[in-house]
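Before any comments, here is the structure.
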């Protein structure tokens, strides 16, 4: 873990051409639920449109990395490290020249857990772009040309809360391995308690808060949300619901839902399940090509821009640097 962290800090300290002379900024894309389909051509029009627009954004604005927020391969994950879906749904789709040297940092969703998550982890040794070192892990970065630091905690919310059957039950019922769930939560608590970074993000597949089809994840509202508040986390990033949402609680924690990489769902059926005033933005138009979130972190603030795959900017918000204790 320490070596992994060190390499990331070194990588993002390099000056990229589009960063010279501008405000020092760490830039990345967050996209979830982009995982194509299990039959030919193994991708959807929305996934292709998102890939093309992400390529354009990276070429024009730059990105140090891409966060994959789970459900990387619909509907049943992959079976082995040599599964053709890696090529057909990932490599051949996110193929723009601007994306060839941009690393992906990956976590698993509920559909990935139907297959072999260990194979997705092992694929890190095959692809120069795909980075998935373990089911849950920490990323640490520095904003280029500064000492301003960023930590991202990548979670496996399926092992934390259990799998969910999209067709039978909208809530994960219980983790399959209670000991592994406890280990992951203890790991997160320990690291958040010690986190000194200027920005701290947590990412997982299931949402804490959502007004859409799946609604708030009860397990995360109980176990994770209090930690986000207690330790001054900047934002929680997720997917699972197939739309774009931004919510913010009374403590200033942001909730960035970016699950529109492959499907779009207009549902707002859980609007009354979210506390009044939390929802700031929701977009799930059925005729949309989907979209993603683009994040820029400067020494002063973090900006989240929701972008449609058509190229339209939908919503923008800002979150401040963490207050020092």
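Glycine residues also receive a Cβ, built from the backbone N, Cα and C atoms like all the rest.
In the three-state DSSP scheme, residue 116 (N-linked glycosylation site) falls into the coil class. If you look up Swiss-Prot, you'll see 116 (among others) marked as N-linked glycosylation site.
Taken from Swiss-Prot, the feature N-linked glycosylation site applies to 147 (among others), supported by sequence analysis. Neighbour count (other Cβ atoms within 10 Å of the Cβ, all protein chains): 8 for residue 147 (N-linked glycosylation site).
Feature annotation from Swiss-Prot assigns signal peptide to 1-21; the stated evidence is sequence analysis.
For residue 116 (N-linked glycosylation site), applying a Cβ distance below 8 Å and a minimum sequence separation of six or more within one chain yields 77, 78, 79, 80.
In the three-state DSSP scheme, residue 147 (N-linked glycosylation site) is classed as coil.
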